[in-house]
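Below is one structure, written out as structure tokens, with a few remarks after it.
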Amino acid sequence: MHRFPKSLSNTRFVPTQLTLSLRQLNARSSSRCHPKSDNDDNIHRREDNEGAPLHLYKSKGQHILTNPRVLDSIVRKSHIKPTDTVLEIGPGTGNLTLRLLQAARKVVAVEIDKRMVEILHKRVAEKGFEDQLTVICKDALRTVFPQFDLVVANIPYGISSPLVAKLVYGDKPFRSATLLLQKEFARRLLANPGDSEFNRLAVNVKLVADVEFVMDVSKRDFVPCPKVDSSVVIIRPKAEIPDVNLDEWLAFTRTCFCGFEAKRPSKLCNKELLHLLALFNQAGIYFHDQSKPRIRDADNIELAPAFSS
């Protein structure tokens, strides 16, 4: 039988359905991770208070962050004001949500899994925060977000690109987005000209926002344990953005980073790329089909391809 440090056995913010699984995860202090399953869709099954099984699906990005120190750090680094409305995408069972509710005036949580919504409502009601929480049970990529001040979320890895696109190129102004992302994706987002990871994603995001690295998070801090580590970044929209047609810019960067087999503009900064685009346009060369409607749509996922490279 494993023995676990008392400092890691606090289950105050842990749903009862996952208690046993979280105890197993606490063995991370000895560099051990929860055993993998051959069946990716049969990772965890626990009985809730009414006897119904709860499954967590890796294939759907359901990895619950359980380390209280990491959760507290995310909230602290987000610099939430008591008057803020926080948008949380993918709250899961509410480990982060409960902390956000203590810091903010209101939390709007977007969760597609009805089972998670039920658990979330129950846990929030037990803490007396139900009046501060609004839950939208829909697909975050196809949902019209209400007004919010900032985003704090452990988002499913599979929607990282389209979600970042939806946020930074959307029509909802916000102060910052503190996101827990797959480590490799975060590295691409943070890449600068000359870096081996420099890519179209970084170019398009950094045109309109600044990205700051916060910390790495071990895969052992999640249930079920993912295959890779994660990183926390903060995205802050720029107060002023270049005067450029965004459809033309996105089409131009697609050509630059996807249209060449060997040579990509991996050492050119955004200022240089903007200048190059202006020269093309002055010569009558355009990259976006002017007959097509604008692809910028805050509540559509059509922008997602513009952020892949």
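Placement of Cβ uses the backbone N, Cα and C atoms for every residue, glycine included.
These come from TrEMBL:
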- His63, Leu65, Gly90, Glu111, Asp139, Asn154: S-adenosyl-L-methionine binding site (BINDING)
- 35-47: compositional bias 'Basic and acidic residues' (COMPBIAS)
- 70-239: domain 'Ribosomal RNA adenine methylase transferase N-terminal' (DOMAIN)
- 25-47: region 'Disordered' (REGION)
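Most other Cβ atoms within 10 A: among the binding-site residues Glu111, Asp139, that distinction falls to Glu111.
Long-range Cβ proximity for Gly90 (S-adenosyl-L-methionine binding site), meaning a same-chain Cβ under 8 A and a gap of 6 or more residues, is found for Gly61, Val110, Glu111, Ala140, Ala153, Asn154, Ile155, Pro156. All protein chains shown were included, and the count of other CB atoms within 10 Å of the CB of His63 (S-adenosyl-L-methionine binding site) stands at 24. Long-range Cβ proximity for Leu65 (S-adenosyl-L-methionine binding site), meaning a same-chain Cβ under 8 A and a gap of 6 or more residues, is found for Leu71, Asn95, Leu96, Asn154, Leu180, Val217, Asp221, Phe222. Model confidence over the domain 'Ribosomal RNA adenine methylase transferase N-terminal' (70-239) stands at 96, taken as the mean pLDDT rounded to a whole number.
Residue density at Asn154 (S-adenosyl-L-methionine binding site): 27 other Cβ atoms are found within 10 A of its Cβ, drawing on all protein chains shown.
Of all residue pairs in the S-adenosyl-L-methionine-binding list (His63, Leu65, Gly90, Glu111, Asp139, Asn154), the one with the greatest Cα separation is 20 Å apart.
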